[in-house]
Amino acid sequence: MESSVRHAADADAVIHMRLFRAQRNFYISGFALLLFLVIKRIMGLISRGAQLEAASEAAMRQAESASKAAKTLMNAGGEGEVAELNRKIEELGKELKKTQVDRDTLRKQAESLQEEYNRVSDLLVQYESGDHNKKDD
């Protein structure tokens with residue numbers, strides 16, 4: 001009986017050993033799967049971070065180049081534009097002075113025409129009233 005007890009004990013030990021190895025392999029596989037998922041998620045986050053960093057650098061470069069272009073346009077175009085506007089101001093000032101002189105000249109002509117009209121009108125009234133025989137001294 002001793003040998004059958006011993007044989008049963010050995011069989012029981014073999015079964016427990018196989019069960020232990022199966023559990024160990026199961027836990028190792030589960031932990032490996034968990035590590036795989038964690039590493040995959042970390043790699044995804046690192047990749048996304050790199051993409052965002054590259055996009056932000058590109059946006060910064062684009063903003064800097066746009067700023068430089070705007071400054072060059074403002075500086076280059078600004079001086080020429082200011083000179084052009086100053087030239088136009090001078091031209092408009094000259095035209096204004098010329099127009100004022102023309103206005104004053106027309107006003108003087110209108111006044112002299114009014115005086116001449118009044119003189120001729122007075123002469124006509126004198127002629128019609130019969131004073132046309134008198135000579136003006």
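For all residues, glycine too, the Cβ spot is worked out from N, Cα and C.
A TrEMBL annotation is a machine prediction, not a hand-curated record.
Source: prediction; values computed, not measured.
Here's what TrEMBL has on this protein:
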| type | residues | note |
| --- | --- | --- |
| DOMAIN | 6-58 | domain 'BAP29/BAP31 transmembrane' |
| TRANSMEM | 26-43 | transmembrane segment |
| COILED | 75-123 | coiled coil |
| DOMAIN | 88-137 | domain 'Bap31/Bap29 cytoplasmic coiled-coil' |
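Each residue in the domain 'Bap31/Bap29 cytoplasmic coiled-coil' (88-137) gets a DSSP state, and the totals come to 45 helix, 0 strand, 5 coil.
Secondary structure of the domain 'BAP29/BAP31 transmembrane' (6-58), assigned with DSSP and counted as helix (H, G, I), strand (E, B) and coil, comes to 53 helix, 0 strand, 0 coil.
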